[in-house]
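K.L.:
Input: one structure, supplied below.
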């Protein structure tokens with residue numbers, strides 16, 4: 001791969017490695033910064049000597065890569081809010097009781113079933129200065145929707161992010177931590193005081209602009225479903241899209257259309273270029289074009305929310321604009337690498353964002369793999385050529401993102417190429433006209449002839465997507481996929497493409513080794529699972545759910561027939577390459593690997609002649625636990641999520657008296673025996 005021969009590629013890889021090391025192996029910041037200073041001094045000494053001594057060039061290169069690695073580590077450390085002394089996450093007292101918290105609303109998120117959600121910036125806690133971001137939840141029954149920039153004073157209890165309650169469950173707490181959000185606040189309406197002050201920064205004005213556009217279009221009787229999709233396509237606002245619409249786009253393999261990315265920024269760039277075409281290509285005219293293009297792209301990125309994929313696209317197209325201004329061709333690999341370096345230098349945590357990962361992979365594989373595919377067939381007809389280009393670009397992007405998509409989402413839309421062929425021409429029209437409509441809507445002009453073509457186009461787009469998504473037999477769901485398969489799959493894909501680029505015997509051997517590696521990873525994974533055996537009590541509110549797994553086979557114990565369709569169980573089955581073999585009713589006595597397990601339900605009746613190793617309390621049994629513990633003498637007591645929370649403290653105190661371990665799944669998460 002010639003791209004890795006570029007010095008910039010090696011520097012970027014070292015920089016990425018530095019971010020990963022700092023993330024997974026936190027080190028003392030003082031040591032990192034100290035080493036960086038020492039290495040920079042050494043580099044300056046070597047730089048002066050390379051002019052006279054050629055032998056020092058190799059040392060200079062190696063030192064440059066080490067410095068890149070240290071800069072990557074330093075970038076992540078500097079951008080980690082928890083390293084700041086006044087960040088609330090460093091003060092345990094703020095989590096112990098209710099406090100008076102002053103905060104500023106920064107970003108509106110998609111509502112949940114019961115709550116409005118915002119990202120908020122902490123200003124003060126009990127009148128002491130603090131910093132940090134939190135996730136604020138406000139009940140939906142509060143009719144007021146707060147504007148971005150609103151300053152609130154809320155009396156409430158900050159809750160630290162929890163670990164997943166059940167095995168293989170999505171780690172939402174870790175997801176929030178990676179976004180520098182270390183706590184949530186569930187506000188009670190009566191405890192919210194709204195300040196008369198408003199923080200009028202750039203985020204306030206962007207939110208006001210988005211709000212004005214949406215309000216003016218609503219006033220013109222723009223279809224609500226179409227408006228939600230238009231806001232996602234053009235403004236990057238996905239909060240109001242109905243779940244069924246998102247599901248249709250996922251099933252059709254077109255969910256990327258709803259996230260503003262390279263496709264959308266490319267359309268904006270072409271539109272700006274078209275609008276500026278009357279300006280002559282003189283030195284002054286070229287400079288005006290460049291300045292206008294860069295400012296327009298930056299403004300669009302701001303309006304669309306500065307997501308990782310938007311920033312990546314805007315930075316890349318900014319380099320294209322600069323290249324056009326300088327009348328030089330832009331090396332796309334250099335553009336990719338420089339844009340990645342610049343973005344991660346200021347936003348290192350973007351590296352762990354799924355959208356950022358998929359975005360760069362898609363662009364890299366389009367640039368690297370699509371030219372090979374396009375050579376397979378070169379039609380003369382312009383329409384056929386355009387259609388073939390869409391298919392090859394879609395296929396290259398899909399191949400590049402497939403392993404990562406399977407790893408995160410566990411499904412594959414089989415009709416993705418038909419979707420792209422059908423909707424990309426329509427999306428291009430929607431984007432061009434949508435920018436015009438949104439621009440006029442911002443100043444209150446929403447004439448019928450302006451808005452209706454956009455509305456009808458989006459309704460047609462949704463209809464096409466819905467039709468393709470209805471062919472569910474082409475949607476492959478529930479594909480188990482882990483990290484080992486992810487890495488070996490990419491090794492296989494890279495080997496195949498390298499061989500296709502320039503076939504030779506050595507590359508063919510590499511392909512065969514990659515195939516063996518992928519097969520070995522799958523077989524090792526199966527062997528590992530077949531040798532596993534475990535018994536798990538899940539944490540589920542008001543219900544009892546127990547799983548016993550041997551290899552790929554799962555025995556489900558529950559009195560609820562709908563438990564087999566439970567989402568948390570579904571995640572567990574996918575994560576362990578398993579399927580439900582049998583579902584049985586709960587039994588009061590069971591055995592697992594020599595352990596005698598006694599289950600007590602709401603009746604609270606237990607046989608006194610049995611000496612169980614484990615007692616499982618379910619459905620809030622009204623028993624004298626002290627007496628039961630003296631009688632049965634179990635090794636551990638478990639209380640699942642079906643019990644009243646008020647009982648848990650009493651039971652924990654009783655177990656503590658008898659020096660018997662107590663595990664409440666509502667507090668500690670699932671219980672596992674293996």
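Glycine residues also receive a Cβ, built from the backbone N, Cα and C atoms like all the rest.
Please treat TrEMBL annotations as automatic predictions, because they have not gone through curation.
On a predicted model such as this, the values are computed, not experimentally measured, just so you know.
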K.L.:
Quick one: which of 307-323, 358-374, 460-476 does TrEMBL have down as transmembrane segment?
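P.N.:
That would be 358-374, per the transmembrane segment entry in TrEMBL.
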K.L.:
Which is it, of 59-78, 79-98, that TrEMBL names as transmembrane segment?
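P.N.:
The range carrying the transmembrane segment annotation in TrEMBL is 59-78.
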K.L.:
Take the transmembrane segment (333-352) and find every residue of the same chain, 6 or more past its ends, with a Cβ under 8 Å from one of its Cβ atoms.
P.N.:
3, 6, 8-9, 11-12, 15-16, 19-20, 23, 71-72, 75-76, 79, 178-180, 308, 311-312, 315-316, 319-320, 360, 363-364, 367
K.L.:
Return yes if the transmembrane segment (421-450) and the transmembrane segment (59-78) have at least 3 CB pairs under 8 Å (sequence gap of 6 or more), otherwise no.
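P.N.:
No, the transmembrane segment (421-450) does not contact the transmembrane segment (59-78).
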K.L.:
Give the nonlocal contacts of the transmembrane segment (386-409) in its own chain as ranges (CB under 8 Å, at least six residues past its ends).
P.N.:
250, 253, 354, 357-358, 361-362, 364-366, 368-370, 373-374, 376-377, 379, 416-417, 420-421, 424, 479, 481-483, 485-486, 489-490, 493
K.L.:
Mind checking which residues of the chain, 6+ beyond the ends of the transmembrane segment (505-524), have their Cβ under 8 Å from one of its Cβ atoms?
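P.N.:
Result: 484-485, 487-489, 491-492, 494-496, 498-499.
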K.L.:
Are there residues at least 6 beyond the ends of the transmembrane segment (31-47) whose Cβ is under 8 Å from a Cβ of it, and what are they?
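P.N.:
The answer is 22, 56, 59-60, 63-64, 66-67, 70-71, 73-74, 77.
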K.L.:
Residues of the same chain, at least six outside the transmembrane segment (7-25), with any C-beta under 8 angstroms of its C-beta?
P.N.:
32, 61, 64-66, 68-77, 333-334, 337-338, 340-341, 344-345, 348, 351-352
